[in-house]
Every structure is written in structure tokens, then in C-alpha cells.
């Protein structure tokens, strides 16, 4: 039984959220490709989560406490991060990840397609929980544990983002790697927070999952794999080594952090 399976009496928003995501990402892709415009890329990806969470919440009339809390968590995370990323790119002016894609429409289209798949997949716990109308068990330990995990994760991510931004704004630190605040203990605290908060959202969704709905585990699995092995840590590690690899202090920093 696949993730598309839906329990009798519940509502499947999987097709709807796929359609919304496709339209949303395609619209921003057209803008970005037409004007060679990097500034909307991350905003379009993260804000898409907000749209899916709000849409599925209001389409279902049940509005249980579990649905309300999980939707608010997704919206709070999405609004904070999308606005932060938009303001940051407006300040910096360009997204270096797009340097090898802007002039190649096929590669650019693949990037936006993959971004849409990422949004839809990682949103699965919210989408599935908001589509449940027939089951509303009492709040359980898993709910509370998930909420706490989300709170820890989103706090670490927000603090890490702000600390790194402040360092980059310091003219005296332009050639320095980020090792302030939570970055003293980890080279990628923002990614840890991101993974941890989505693991929390999945954990908080488990009390109502049945059958194929357990496919929602693809959400924390995908975000973890992407950040650890594909588009997150590997790219930043390579960039850091290129800039600072010859510095003994940087190598010492790497040896004591993860």
C-alpha cells in the first residue's frame, strides 16, 4: 500500500497539494528564468510550505488541536525562514548556487522541478494530518515530544541564521568562517535545526497515521538525506575547504566540530 492510500472517510489532499506546488513553482520559475532573477528562489520554495499548510487546514472542517498545532508550526517556520531568506538575498544580491544554471534553461527547470518535489514530499505529515476527518485520538506523548522537538529545532535554526548573517555584515569578518554563538559547537547548526524540527513534525503526526499514511516518513528522510549528502553540507564543506583549507585554525575548528 503506497502513500496515496487514504483511509475511508478521510480526505486526500495529496493530488491537490501536488497541483498547487506545481503551479506555484512554475510561476516563480517563469519569473526567474525570464529575468535571470535569483532573488525569489528560496522564498518560493519555503513559502510554498505555508500555502500548503494553510490550504489543507481550511479545506478540512475538523480543525482538531493536533491539526491546528501542526499547521501553526509549519506556518511559523515557513514565514520566518522565507522572509529571512528573501531579505538575505536582497542584501547579498545573488545566489551562487545558480551560477551554473541561469544560462541553461534545462538545468534551471530541473532545479525548480526538484524544488517542487522537495516541498510536496517534506510537507506530507501536515498534508496527511490535515486530511484526516475520522480519527482524533487524545493528545499523546508522541504529540508533545514532536512539538518539543520542533521548538528546539526552529529555535536553533533561527539563532544560527541570525548569528551567521550578523557575522557576514561585519566588514572585519569578511574572510572569516562562522564560529560564533552556536557555530562554535557545530559547523552546520542551522541544518541540524532544520532536520530536527521536521523530525518533530513527523513524530507529532504519528498518533493518527494508518496504513499507507506512514509514507509521511519520507518527509524527515528526504530532508535529512538532502542536507547531509546532497545540497546542504557537502556544498558548504567544499566551499569552506576552498576558502580556508590552508588555514591551521580552520582545520582545528573542523576537527573539533561536526
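Every residue gets a Cβ built from N, Cα and C, even glycine.
Since this is a predicted model, take the numbers as computed values, not measurements.
Look at TrEMBL and you will find 12-33, 40-59, 65-87, 108-132, 191-209, 215-236 tagged as transmembrane segment.
Highest Cβ pair count under 8 Å relative to the transmembrane segment (65-87), across stretches 12-33, 40-59, 108-132, 191-209, 215-236: 40-59.
Only residues 6 or more beyond the boundaries of the transmembrane segment (12-33), in the same chain, are considered here, and those with a CB under 8 A from a CB of the stretch are 3-4, 6, 40-41, 44-45, 48, 51-52, 55-56, 59-60, 105, 108-109, 112-113, 115-116, 119-120, 123-124, 127-128, 130-131.
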